[in-house]
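Asker: I have a structure here, written as structure tokens, and I will follow up with some questions on it.
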Amino acid sequence: MEEELDLSYLDREDIDDDVVGVDFNIISIIRQHLQITTALAAVTMLCIVAHALRILEMYWSDSSSVSISLPERDRRREKLMSYLGHTNWCRDIIRMDPETFINLCERLRSTGLVKDNIRSTVEQQVAQFLHIIGHNVKNRSVAFFFHRSGSTVSRHFHNVLDSVISLESEFLIQPSGNEVQPYILNNNRFYPYFKDCVGAIDGTHVRVKVPRSDAPRFRGIKDWPTQNVFAACDFDMKFTYVLAGWESTASDSRILKNALDRDDPLVIPQGKYYLGDAGFMLKSTVLTSYRGVKYHLKEYTRR
């Protein structure tokens, strides 16, 4: 609560006129400051009230999944899906263009793991899945955005995820080594020096949530728990092998050894090799860079 200024002393006759003038100047400045502060507080309060009213307006206009009738929710979902026909919006929401999205939906539909039903099409389920993995959004956000319940969003997500995993053998194809990679063969800078190279391997740290008891093993170079995801790719920038699950404290060489020895191994054709960074052990199947040497991409890039 603001305290009122005591100005009664100004009525005293023994006060010098100059002093009174100075006091009045100070009081004037204080009053101006209070007026400005009051005005700013009023503007701030108006902004807060306006924002709250806007939220209420959105809430009552959209309502909740309980109060909106099923036909109305279906209509809104169809309208939302129609927006994905625009290239820019499609890329913003699900991180791919409309044509690629339609092709992916048809491919996942063919697996039989994702099916159309009365209230949800395959396209809607895949869009929810892509929106989650593309923006790292919460279940409740997707439920509000797509007018679904949280349990429905969760079920759709796992159905699409299982369908995507089932396509692993079709998209993660390891090189046979029978032919020289076109990128190498058609480049005089690399051929014949790298004619036996089939791709590159590396690891990347992905943030994860683990039980508190396991957190120390998964907290390495980052301030939060991560897992070291090992991957191999060819010269067309296509993944040919992925191994996830290793804690971030595991070394690259240890993960590579496990990738070569497990039931679904990384296969390196006889006489071929992968390129890797200095974190891997130099061997006949892995060509690594020299330790202590800084390589700059611009030195090897010609425009």
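Each residue, glycine too, has its Cβ placed from N, Cα and C.
Those TrEMBL annotations? Automatic predictions, nothing curated.
So TrEMBL has the following annotated:
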type	residues	note
DOMAIN	85-165	domain 'DUF8040'
DOMAIN	201-292	domain 'DDE Tnp4'
Asker: What counts of helix, strand and coil residues does DSSP assign across the domain 'DUF8040' (85-165)?
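Answerer: Across the domain 'DUF8040' (85-165), the residues distribute as 59 helix, 0 strand, 22 coil.
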Asker: Using DSSP, how many residues of the domain 'DDE Tnp4' (201-292) fall into helix, strand and coil, respectively?
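Answerer: Tallied per class, the domain 'DDE Tnp4' (201-292) gives 17 helix, 32 strand, 43 coil.
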